[in-house]
Every structure is written in structure tokens, then in C-alpha cells.
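These come from Swiss-Prot:
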BINDING   GLY81, ASN112  anthranilate 1 binding site
BINDING   GLY81, 84-85, THR89, 91-94, 109-117, ALA121  5-phospho-alpha-D-ribose 1-diphosphate binding site
BINDING   SER93, GLU227  Mg(2+) 1 binding site
BINDING   ARG167  anthranilate 2 binding site
BINDING   ASP226, GLU227  Mg(2+) 2 binding site
Amino acid sequence: MSDALKPLIGAAADRPLTRAEAEAAFEILFEGEATPSQMGGLLMALRTRGETVAEYAAAAAVMRAKCNAVRAPEGAMDIVGTGGDGKGTLNISTATAFVVAGAGVPVAKHGNRNLSSKSGAADALAQMGIEVMVGPAVVERALSEIGIAFMMAPMHHPAIRHVMPTRAELGTRTMFNILGPLTNPAGVKRQLTGAFSRDLIRPMAETLAALGSDVAWLVHGSDGTDELTITGVSWVAGLSDGAVTEFEVHPEEAGLPVHPFEAILGGTPEENGAAFRALLAGEASAYRDAVLLNAAAALKVAGRVTALPDGVMLAAEAIDSGAALAKVQGLAQITSEAT
């Protein structure tokens, strides 16, 4: 038990913690020096008052400092969602990552088991023959040789094991629900990140700015999804040159049609895997259009295009040429050789 944490818990209930105070608190948590009741007390004090950007940045900075880091190629980016939107859609961010890699942008994708979809990122990758429980050396090899890798959060953030039982017992959302996208082990400076709530996109963008990111889009779909939606408008908090601006994205401005929400609903992991394979084979669908929209945004964040329609064209070429499928096959081969 840490006596040093007690005054910080009390302070957190009354006022925002400074970044230094919050870093001290999370250092204690991640070292396993806090009791479960202390962990729960701190997390709920922060949630009840409302977490600040300084507190998010502090927790993320401590997590980053303690992670099993990997080296990534210059210009690598992350494409990730918080999960937890409860919508059960097809896995769009994972498919988008392979398309963007197929278009020539290195993708160091951070993720975990499913939160709300019936098939989360790790589950979708397993359907494609990709082993996700691999360490930093395999991740670095994949990034170097084929320009894409998947980093399973528990393999890179061992310190979170101290907090997981308390999170499970609390049974409610805490700031840990958004820390994953803020703690990429490859230290990427560019990312397309979905949030389960519109209220989170600005504070998450401001947190990434405080952590030194260069360019990021934090997005939330009007249908409640944690990505750019193909069903209508999406809201974006964009980080560039240290400033955050908010704007909207509509599928039509990327040259894509609007689809009904039912068209992007997922199923079992096997059904979602089949949809993923059909997408990579070039099949036209709402799923393809959703991936094209998100890939176009990612390519814009990466600096490869300046307009969404150009990003859609580049992404479509990555699919139809077989380049995206080749990335899937390459990652499956590298990870299978390592296990």
C-alpha cells in the first residue's frame, strides 16, 4: 500500500491534478504499489470529476515509459479505435490498416481483443491466419519487411496487469478505456483514431498534442461508431501544427455513397473473416466503401494525399491490385514463423 497515493486521491476528488501529480499517481499504480481500493478510488475520483487533458497525458506518458517499445519505420502511423461503441460493426480499422499499408504507408497498429464488435481487431486477424501474441522482435521484423504489424496491448504494456482486476471489478468505464490509442508502443507521430463518444475527440486530440504527436484525426460517427462512418456525417478533431480544429466529414465529399447502418453490421468471427476476405478480393459493398473512406482519411493524415477523393482512389488501387491482400499474407507468414 502506498501512503503517497492517499493525498493524491483526495486532491483528485476536489480539483484537477497537475500533470506532475497525475504522473506520480500513475507511477504508483503501474508499479503495483497501490491497493485495489486505492486504484478504484483514484479512477472513480477522476471519472466523477471529469478527467482533464493533463491527467490523460500523464497516464499515457507513464504507460509509454513502461512499455515494451518497438522501432518503426519513418512515417509509420496507427489506425485504431477505442472500441466500446457497442455497435457490433464489421472490423473497419483493421481492414483499413492493411489497405493503407498496401498503399505504401507503414502501419504500426495497436489493439486488443474485442470490446463491442463480435470480432475485434485481434479476432479478425486470427481469422486471416495472423498470430497476434507476438513480441517486439517479431513486430519490428514485420514493420521492416512488409510495412505493417499488429501490437497486442498486453504484450507491450505489462504494467497494466496491476490495474486490470480493479477495472474489471469496477464494471464501468474509466480513463483506461481511451488510453490504448494514446499509448502506441512504436511511438508513432501520426494516427487516425476513433472514439466511442463525440465528447472525447477534442480532449484526445489535445492529449496527443501534449504527448508530441504531429498529425492526428480523432473521429466519431453520427451513428455512434468509433470511426468515420459511411452512414452519414462524422465529427473530427484534427491535430496539425500543434493546433486542434473541429470539422465534419461526409461520405459524399470523398465521392462515396451513403449506406444504411445495417449494411456494415458484423456477425460471428467466421462471418466477419469471410467479409474481410471478400473485401480484399475486390468485392463491392458498403464494407468496402467504409474502408475506403477511412483509408482515405488515414492517407491524408499520413501526408500522402491532400484531398479525400484522391485518398479513395489510392486506397481502391491498393485493394484491386492485390497489394492489401499481400500485406495480410506477409504478416500471416512472419507471425506463423515466429510461433
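Positions of Cβ are set from backbone N, Cα and C atoms, glycine also.
Swiss-Prot feature annotations superimposed on the structure.
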residue	record	DSSP (3 states)
GLY81	anthranilate 1 binding site	strand
THR89	5-phospho-alpha-D-ribose 1-diphosphate binding site	strand
HIS110	5-phospho-alpha-D-ribose 1-diphosphate binding site	strand
ARG167	anthranilate 2 binding site	helix
ASP226	Mg(2+) 2 binding site	coil
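For ARG167 (anthranilate 2 binding site), the same-chain residues lying six or more positions away in sequence with a CB closer than 8 A to its CB are LEU43, THR174, PHE176. In this structure the alpha carbons, written CA, of HIS110 (5-phospho-alpha-D-ribose 1-diphosphate binding site) and GLY81 (anthranilate 1 binding site) are 9 Å apart. Each of the binding-site residues SER93, ASN112 was scored by the number of other CB atoms within 10 Å of its CB, and the largest score is that of SER93. Under a cutoff of 8 A between CB atoms, and with a sequence separation of 6+ in the same chain, the neighbours of GLU227 (Mg(2+) 1 binding site) are GLY81, ILE92, SER93, GLY194, VAL219, GLY221, SER234, ALA290, ASN294. Within 10 Å of the Cβ of GLY81 (anthranilate 1 binding site) there are 29 other Cβ atoms, across all protein chains. Around the Cβ of ASP226 (Mg(2+) 2 binding site), 31 further Cβ atoms fall within 10 Å across all displayed protein chains.
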